[in-house]
Amino acid sequence: MSRTFIMIKPDGVKNKHVGNILSRIEKEGFKILGLKYLKLSLEDAKQFYKVHSARPFYNDLCNYMSSGPIVAAALERDNAVLHWREVIGATDPKEAAAGTIRALYAESKEANAVHGSDSDDNAALEISFFFKGNELF
């Protein structure tokens, strides 16, 4: 079993896709270890996305991610990172396979409904950013 971190982004929350996405998580065989509904401060968004700080989209990304509530979750199943990446689809919803979360719910490449860790190492870092050990079950 491995873990991954997922986030339902502000557009996914605003457009009322949280229930559908959580249902999909369970249908895909993930165990939800931790779940939080919160609004990131701009400072927290900058810290979370600091790996992108040199990229031209960094400030827009941080402003967007702190613009409204998000849902953060730690998930577990076999091949968690890879499986979640397959479930959500390509970053650009125009390129996402039919039936993936981004094909179904994303507005654009930027407002693409969900985030998913891209490696086991990043999953561990991202989970620890949002959850303390006693908050995971």
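Glycine too: its Cβ is placed from the backbone N, Cα and C atoms.
Summary of the site annotation: Swiss-Prot records ATP binding at LYS9, PHE57, ARG85, THR91, ASN112. Screening the candidates ARG77, ARG102 against this entry identifies ARG102 as the one listed for that site.
Cβ neighbour count for ARG102 (ATP binding site) (all protein chains, 10 Å cutoff from its Cβ): 24. Checked against HIS115 (active site, pros-phosphohistidine intermediate) by C-alpha proximity, the binding-site residues LYS9, PHE57, ARG102 yield LYS9 as the nearest.
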